[in-house]
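J.: OK, Swiss-Prot features for this one:
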- 1-19: topological domain 'Peroxisomal matrix' (TOPO_DOM)
- 20-47: transmembrane segment (TRANSMEM)
- 48-51: topological domain 'Cytoplasmic' (TOPO_DOM)
- 52-76: transmembrane segment (TRANSMEM)
- 77-104: topological domain 'Peroxisomal matrix' (TOPO_DOM)
- 105-134: transmembrane segment (TRANSMEM)
- 135-139: topological domain 'Cytoplasmic' (TOPO_DOM)
- 140-178: transmembrane segment (TRANSMEM)
- 179-243: topological domain 'Peroxisomal matrix' (TOPO_DOM)
- 244-271: transmembrane segment (TRANSMEM)
- 272-353: topological domain 'Cytoplasmic' (TOPO_DOM)
- 298, 301, 319, 322: Zn(2+) binding site (BINDING)
- 298-337: zinc finger (ZN_FING)
């Protein structure tokens with residue numbers, strides 16, 4: 001058994017087939033990029049809603065657009081995604097020799113679509129399921145409607161679909177480790193490619209391709225020159241994004257170290273700083289129509305609150321139904337104007353029930 005384990009961890013180092021640690025590391029790199037950028041945009045939107053609110057509402061679409069530019073640049077230049085190139089890997093057609101330089105057009109487009117669209121669709125599906133689950137928990141939908149039965153069917157089947165999806169990926173990873181499979185991911189199989197290590201010949205070929213592009217750009221027609229300039233501009237945008245992500249990787253490692261157990265004393269000293277005064281626009285007049293005089297009255301419906309619910313972004317308390325519909329429609333707090341999503345609704349349970 002020990003022989004088998006040693007064989008698994010050492011065979012990949014002697015040939016062009018990457019080890020399981022390399023392929024899993026490159027996948028986790030892009031998986032960590034989206035939550036990190038999402039948190040940064042969230043902080044910006046909460047600090048300045050008027051300027052960054054749109055960026056927060058359309059984050060998934062903007063991130064997908066940047067991801068498309070980034071992956072398109074690296075697939076056309078290095079035959080690999082950004083994370084694969086970061087770890088010295090490239091894509092070749094299944095069954096082809098390791099010396100293959102560029103991906104065929106069919107495999108190129110399949111790789112690009114699977115790299116960009118699958119994560120986007122998965123994030124959107126999870127948001128829809130979470131929203132439907134909240135609506136079901138608090139009986140927001142009409143219990144006799146046809147849509148509610150459809151929602152229940154979706155909520156009942158989603159855990160099994162997710163389990164099947166994860167099991168599909170796990171099977172490919174186990175086959176890659178134990179039986180020397182060609183792919184560690186079914187998405188690579190669907191794209192018709194496999195991963196291999198970059199060689200010195202590949203690096204020299206990339207340099208020559210860049211030199212030839214610069215040489216040919218000086219002896220072409222005006223239309224071709226414009227196309228070349230646009231292509232270089234997109235490449236520059238993708239390169240700047242990739243450089244930012246590379247720096248972000250080291251920044252994430254720094255955050256892991258900063259919030260480790262060894263630095264708890266430092267964090268405690270920082271948390272003991274005095275609380276800053278509230279923003280000026282929070283100091284509303286007592287006669288403001290947004291805030292009723294009685295603390296038990298909902299600011300929206302002007303009735304005694306039912307199912308007290310606070311907004312995590314501002315701290316104001318409303319009826320759950322009032323807060324739910326308002327936040328779902330306007331994506332902001334009705335009193336402070338801070339950007340707010342449904343996940344910021346916090347159900348309150350009083351001691352007297």
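The backbone N, Cα and C atoms fix where each Cβ goes, glycine too.
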J.: On the DSSP side of things, how many residues of the zinc finger (298-337) fall into helix, strand and coil, could you say?
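T.: Counting residues by DSSP class gives 11 helix, 9 strand, 20 coil.
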J.: So among the binding-site residues 298, 301, who's got the most Cβ atoms within 10 Å?
T.: 298
J.: Within the topological domain 'Cytoplasmic' (135-139) only, compute the mean pLDDT.
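T.: Within the topological domain 'Cytoplasmic' (135-139), the model's average pLDDT equals 70.
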J.: Within the same chain, and leaving aside 298, 301, 319, 322, name every residue whose CB is within 8 angstroms of the centroid of the CB atoms belonging to the recorded Zn(2+) site, in sequence order.
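T.: For the Zn(2+) site the neighbour list reads 299, 300, 302, 303, 305, 306, 318, 321, 323.
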J.: Near the topological domain 'Cytoplasmic' (48-51), which same-chain residues lie under 8 Å Cβ to Cβ, leaving out any that are not at least 6 residues past its ends?
T.: 332, 337-339
